[in-house]
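Accompanying notes for the structure given below.
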Amino acid sequence: MRTRVFSVVAVLLSIAVLLFSCEFGAAESNNALEEFQNNFDIMWAEDNFKTSEDGKTWFLSLDKETGCGFLTKQRYRFGWFSMKLKLVGGDSAGVVTAYYMCSDKDAAPERDELDFEFLGNRTGEPYVIQTNVYKTGVGNREMRHSLWFDPTEDFHTYSILWNSHQIVFFVDRVPMRVYKNNDKPNDFFPNEKPMYLFSSIWNADDWATRGGLEKTDWKKAPFVSTYKDFKSDGCEWKDPYPECVSTTTEKWWDQYDSWHLTDSQKEDFAWVERNLVVYDYCKDTKRFPELPEECSLSPWD
């Protein structure tokens, strides 16, 4: 009799634990989805946006009809911003996955912008990362890098450090590109307009892969890029002017140590410069017989 009672109690306890786990899991999933909805808006093609069961991982898909994208509700001026991405696997020629900051919700002619663009390729060929910087609508400041890993196999962290002295593009905390300011009024360093953060996927087979020679193979669609763990530590913009902009030296991302690369970051950056640079507009004298002003600024200072 005692054994039978213990068995019934054990079953009831198991059911209670299972119910609690289901309720806890559902609550956690709802909280994660609510967190996304509190921080982001879907820009277009909501049907091409999906989440994992726990709501913590987000999937953007591209088909022949449309891509998809989302952006933060909040604008920022200066800070540290990061996202984990896993890129489209297999044959992704013509497909661009993007993670970027922009002062406008559309491609306004006077926009400021900081770009991470991941340019797809044929199966077996490596991805190329393109970064770009826009000031008042003028870009043409492209750099391209290869990577030391396959970005389709697992998540990696892509980050932007932005203060009034420099902009640094990081991959897994390795500085890939350093874009300096000369601390004078100029036409090349975006430091006045607050920016949203965006993530998107779209078809760009007119230019993305081998200059547009490789077209998107729609038989492989849908193409899916995956995002999670967005983190922001920045000055949230509040009209007409947030207090944190005038007191940014209180934040780690705008203290002296963040105005320059650290010694260990310089070692990593030197390795990137030796091994991973595919294209640098500052060395393209055919395209720019007179190099842009910012090209004279040393990333090492």
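Each residue, glycine too, has its Cβ placed from N, Cα and C.
Unlike curated records, TrEMBL annotations are generated automatically.
Taken verbatim from TrEMBL:
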- 1-27: signal peptide (SIGNAL)
- 27-227: domain 'GH16' (DOMAIN)
- Glu113: active site, nucleophile (ACT_SITE)
- Glu117: active site, proton donor (ACT_SITE)
- Asn121: N-linked glycosylation site (CARBOHYD)
Quiz item: Are there residues of the same chain, six or more positions away from the residue listed as 'active site, nucleophile', whose CB falls under 8 angstroms from its CB, and which are they?
Solution: Tyr100, Met101, Cys102, Ser103, Asn132, Val133, Tyr134, Gly139, Pro190, Met195
Quiz item: Does Asn121 (N-linked glycosylation site) have same-chain partners at least 6 apart in sequence with Cβ under 8 Å from its own Cβ, and which are they?
Solution: Ser92, Ala93, Tyr127, Val128, Thr209, Glu214
Quiz item: Among all the protein chains here, how many other CB atoms are within 10 A of the CB of Glu117 (active site, proton donor)?
Solution: 19
Self-check item: Per-region confidence, the domain 'GH16' (27-227) (mean pLDDT, whole number)
Solution: 93
